[in-house]
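According to TrEMBL, the protein carries these features:
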type: TRANSMEM; residues: 23-40; note: transmembrane segment
type: DOMAIN; residues: 32-315; note: domain 'Cation/H+ exchanger transmembrane'
type: TRANSMEM; residues: 52-73; note: transmembrane segment
type: TRANSMEM; residues: 85-105; note: transmembrane segment
type: TRANSMEM; residues: 117-140; note: transmembrane segment
type: TRANSMEM; residues: 152-174; note: transmembrane segment
type: TRANSMEM; residues: 215-235; note: transmembrane segment
type: TRANSMEM; residues: 256-281; note: transmembrane segment
Amino acid sequence: MVSEQSGVLSGSNPMTVNASDPLTLTIVQVVIIVVFCRLLHLGLKRFRQPRVISEVIGGIILGPSVLGHIPGYLDIMFSKDSLTYLNLLANLGLLLYLFIVGLELNPTMIRNSIRTVISISASGIILPFALGVGVAYGLYDAMGNNNVPFTSFLLFICVAMAITAFPVLARILSELKLMKTPVGSCALNAAVGDDITAWILLALVVAIINASNYLTALYAFLICVAWTLVVGFIIRPILIKLIFLTNSNQASPSTLMVAITLSIALLSGFVTNIIGIHYIFGGFIVGVIIPHEGGFAVALTEKIEDLITVLFIPI
């Protein structure tokens, strides 16, 4: 498709959001974000900070909190209309990154620590819930809406506090080389359990507030479990056969297998998203079930990891 934008030689402003050619401004934004976060990390790594901290701080500086106070800065560099395209890239990168995180986990280690994972996950839900009660009492008078009962407000605050920063935890564990250790694997799986439970509870709270069908959250949970079983017991055996047919278990994964695997990860993200569970869990589930036999998971990770972590994740 040929761009309809004439270019700077014809008097066009490349920093203006153009629906027919959104790529021009998006390229500038991506370059600024990636380069700025990398430069920031050069200083912060001296203090043994993981790259994700540099990216979080970089986002704060580039956003409305710091540079946003400069008149006209946000309108030129990060206008609201342009953020739609930037968010699209960021969300796609996040889904693929959680797919990589799943690839790096050892399913055997998960099975061996399942009891510990469940107990930690339960604690991660119960304790924030208890703290949320006190927070809700303090906030309701200042921020509460008369149309929303206190009980609904209380449930919403408690659930919101129970949702973990799962992608941030994954980045930190990955950068500290803890992903394949028992501690890292246990922490990550507990966070997954926390977030899935919290998102289901959030769907239930929203249903209660809107006085809609309370069974929505239950249906979301059951469909999520069903999809996980489909991925594990139907899609995984098919992938194993395809891997052997294409000899991707003995050499570098073929482009066909890379395309098939990434497509399944994206499809899984779509499925979990439309049922009310965050799309990142769809990618994560597929990553976990990818066969590790013959080094396929490791080779696939090496093929796609750098592009995703360097270009997409800082966004």
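For all residues, glycine too, the Cβ spot is worked out from N, Cα and C.
No curator has checked TrEMBL annotations; they are predicted automatically.
Mind running through what each feature is packed against?
Within the chain carrying the transmembrane segment (23-40), a Cβ under 8 angstroms from the stretch's Cβ atoms is held by residues 3, 5, 14-17, 51, 54-55, 57-59, 61-62, 77-78, 82, 85-86, 89, 310-311, 314-315, all 6 or more beyond its ends.
For the transmembrane segment (85-105), the list of distant contacts is 22, 25-26, 29-30, 78, 166-167, 170-171, 174, 179-180, 185, 188-189, 262, 265-266, 269, 279-290, 297, 300-301, 304-305, 308-309, 311-313, 315: same-chain residues at least six beyond its ends, Cβ to Cβ under 8 Å.
Panel annotation: around the transmembrane segment (215-235), residues 196, 200-201, 203-204, 207, 264, 268, 271-272, 275-277, 281-282, 285-286, 289 of the same chain, lying at least six beyond its termini, place a Cβ under 8 Å from a Cβ of the stretch.
Away from its own ends, the transmembrane segment (256-281) comes close to residues 91, 94-96, 98-99, 166-167, 192, 195-196, 199-200, 203, 216-217, 219-220, 223-224, 227, 231, 235, 239, 242-243, 246, 248, 287, 290, 296, 300, 303-304 of its chain (Cβ-Cβ under 8 Å, at least six residues beyond either end).
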Counting only residues 6 or more past its boundaries, what in the same chain has a CB within less than 8 Å of a CB in the transmembrane segment (152-174)?
50-52, 56, 94, 97-98, 101, 104, 124-125, 128-129, 131-133, 135-137, 139-140, 144-145, 184, 187-188, 191-192, 194-195, 197-199, 201-202, 205, 208-209, 280, 313
Using a Cβ-Cβ cut-off of under 8 Å, list the residues of the same chain that are 6+ residues beyond the ends of the transmembrane segment (52-73) and lie near it.
32-33, 36-38, 40-41, 44-45, 168, 171-172, 175, 313-314
Against which stretches of its own chain does the transmembrane segment (117-140) lie, if we need a Cβ under 8 Å and a gap of at least six residues from its ends?
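Long-range Cβ neighbours of the transmembrane segment (117-140): 110, 150, 153-154, 157-162, 164, 186-187, 189-191, 193-194, 197-198.
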